[in-house]
Amino acid sequence: MSRLRWLTAGESHGPALVATLEGLPAGVPITTDMVADHLARRRLGYGRGARMKFERDEVTFLGGVRHGLTLGSPVAIMVGNTEWPKWEQVMAADPVDPAILADLARNAPLTRPRPGHADLAGMQKYGFDEARPILERASARETAARVALGAVARSYLKETAGIEIVSHVVELAAAKAPYGVYPTPADVEKLDADPVRCLDADASKAMVAEIDQAHKDGDTLGGVVEVLAYDVPVGLGSHVHWDRRLDARLAAALMGIQAIKGVEVGDGFELARVPGSKAHDEIVQTADGVRRTTGRSGGTEGGLTTGELLRVRAAMKPIATVPRALATIDVATGEATKAHHQRSDVCAVPAAGIVAEAMVALVLADAVAEKFGGDSVPETRRNVRSYLDNLVVR
């Protein structure tokens with residue numbers, strides 16, 4: 001059973017996004033600057049669209065935090081939308097005079113659904129005759145709220161269990177970074193300074209070249225991000241039920257990110273291509289205790305963390321808003337046409353890594369709270385230490 005609960009609300013061009021996180025203990029350090037720093041990281045990356053140049057995330061805590069520390073009550077965060085004045089009438093909650101709306105170009109019905117987006121299926125499911133009510137919520141803008149919550153979860157993980165999370169881009173279109181090179185928390189500043197958040201300089205240049213070519217071609221690109229969690233204790237998650245397995249929870253959280261179409265834990269799909277003798281992590285006794293000789297499993301076995309480096313990958317498809325517009329129909333006329341196009345990114349894979357960090361942080365925070373409990377950070381910290389000091393097999 002989950003210990004933490006989180007929800008987000010709001011639309012892409014609404015006044016703000018709102019996020020709530022329930023279940024954290026008192027005493028987790030968090031400030032608006034800490035949240036804003038991670039939101040700024042979400043805007044990073046070569047190939048982003050025009051919105052990233054002027055989008056600013058105005059962070060306000062609405063509850064659950066006092067003087068930089070959580071209170072043990074639900075944490076509520078608002079991420080303001082600096083573009084709201086342009087959309088105040090189009091996205092108004094209360095009715096607006098139809099005559100006013102008729103004169104607004106932004107309010108034109110979006111009747112040409114975009115392939116790869118939620119537009120058409122959402123219109124059919126909810127009974128809308130245009131895509132605006134669907135795309136506003138389906139937009140990846142919503143991930144800003146999850147990154148905000150992830151900032152709180154990260155602080156909780158570091159304060160209670162010493163867990164730190166890093167991501168990097170390992171593939172972007174045909175360009176790939178060398179396999180098996182894992183950044184550490186000490187590399188975050190260097191990663192964030194790289195245009196595509198790739199640790200390998202040669203691979204980074206190749207990725208930038210891929211983005212430049214896609215821009216010239218009027219196309220978009222996807223890629224693969226890898227998230228690593230350091231100092232994760234053994235025993236998070238459980239083997240006893242399918243929905244308590246940590247790898248299942250991680251996969252679900254990552255698949256819930258817009259445009260993510262595949263997830264693997266550890267060596268994932270590669271393990272299906274090798275014999276069992278080369279697929280598993282052998283166990284040895286070392287001066288530091290019981291360890292695995294390799295990290296093929298990605299730090300989980302049987303739904304539980306092993307105490308080794310936790311490693312997951314997520315594959316992001318190319319952005320569906322393609323500049324050269326894909327074929328669709330106009331639902332108002334039934335005629336064949338080209339999909340609606342608005343400003344968009346050529347590539348958002350580097351930003352997807354930041355969102356993936358947030359989702360991994362939230363899942364791990366839930367697992368830590370589930371395993372160790374505690375109504376305050378010191379209590380949870382004591383519980384973690386006691387557990388690790390008293391492991392039967394160490």
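Just so it is clear, glycine is given a Cβ too, placed from its N, Cα and C backbone atoms.
Features reported for this protein in Swiss-Prot:
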- ARG42, ARG48: NADP(+) binding site (BINDING)
- ARG137, ALA138, SER139, GLN258, ALA259, GLY302, LYS317, PRO318, ILE319, ALA320, THR321, ARG343: FMN binding site (BINDING)
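This view paints the features noted in Swiss-Prot onto the structure.
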{"residue": "ARG42", "record": "NADP(+) binding site", "DSSP class": "helix"}
{"residue": "ARG48", "record": "NADP(+) binding site", "DSSP class": "coil"}
{"residue": "ARG137", "record": "FMN binding site", "DSSP class": "helix"}
{"residue": "ALA259", "record": "FMN binding site", "DSSP class": "coil"}
{"residue": "LYS317", "record": "FMN binding site", "DSSP class": "coil"}
Residue, out of the binding-site residues ALA259, ILE319, whose Cβ gathers the largest set of other Cβ atoms within 10 Å: ILE319
Distance, ARG42 (NADP(+) binding site) to LYS317 (FMN binding site) (CA atoms, angstrom): 18
Candidates SER139, THR321: member of the binding-site residues with the richest Cβ shell (10 Å): THR321
ARG42 (NADP(+) binding site) versus ARG137 (FMN binding site) - Cα distance in angstrom: 18
Cβ contacts of ARG48 (NADP(+) binding site) (under 8 Å, same chain, 6 or more positions away): ASP345, VAL346, CYS347, ALA348, ALA351
Nearest-integer angstrom distance between the alpha carbons (Cα) of ARG42 (NADP(+) binding site) and SER139 (FMN binding site): 14
Binding-site residues listed as ARG42, LYS317, least Cβ neighbours within 10 Å: LYS317
Cβ atoms near ARG137 (FMN binding site) (within 10 Å, other residues, all chains): 16
